[in-house]
Amino acid sequence: MNIAIIGAGDLAIQIAHFIKNDTSDNVTCFFDDYKEKGSTLKGVKIYGGISEVLEHYEKGFFDKVICAIGYNHLNEKKRICESLLAHNIPFYTFIHSSAIVDISATIGEGSVIYPGVIIDQRVVIGTNTILNLGVIVSHDTKIGCSNFLAPNVTIAGFCNIGDCCNIGMTVTVIDNVTVTSNVRVGASSLVLRSINIDGLYVGSPCVKIK
């Protein structure tokens, strides 16, 4: 299968590496509004900006697309992905072979599951969400769309995470906690109670600082 990647930065390089070395699929092109059209990234051509994705899909340049827009632009990522879905462009889902995903879990299209991730029973992961190295998501937890969970985040059971959240490295979320959309949680923070207002939260236990 031929895969196009939206974005041509560090995250795109990581995802392309995983696809090349952990699947039989091929990354055939990148699209990025801020990179020179016709240039290459790791030997793969950048075909142009995001507005050119549909044209190249219709011409058969790739079979599916995956979005490598990082944690600083999660709302923009969600907007772009929704626009591509509206044009019936299929999304590629990557689950690393070392990840442990229970048979009862659901992984949304376009999501990226890094090495060492553990996804427990009846977990639901939304579309275009990234679970970085060593993330643990416990039973019956729901995570929305276009989120970024950094390395070694641990989320206990029966939690509910909204959309476009950036959860920093080694954050722990205890059971039965709800986190609304557009929340950032700083590295090593401890989330002991639900977060109902968007913003930046840090500390142990975490508090809103911005």
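Glycine too: its Cβ is placed from the backbone N, Cα and C atoms.
A TrEMBL annotation is a machine prediction, not a hand-curated record.
Here TrEMBL flags 2-76 as domain 'PglD N-terminal'.
Counting every protein chain shown, 16 other Cβ atoms lie within 10 Å of the Cβ of GLY70 (substrate binding site). Here TrEMBL flags GLY70 as substrate binding site.
Spatially close to HIS139 (active site, proton acceptor) yet at least six residues away along the chain are ASP120, GLN121, ARG122, VAL123, GLY157, PHE158, judged by Cβ distances under 8 angstroms. As annotated by TrEMBL, active site, proton acceptor applies to HIS139.
What TrEMBL records for ASP140 is site 'Increases basicity of active site His'. Over all protein chains present, the Cβ of ASP140 (site 'Increases basicity of active site His') has 18 other Cβ atoms lying within 10 Å.
Counted with DSSP, the domain 'PglD N-terminal' (2-76) comes out as 28 helix, 22 strand, 25 coil.
In the predicted structure, the domain 'PglD N-terminal' (2-76) carries a mean pLDDT of 96.
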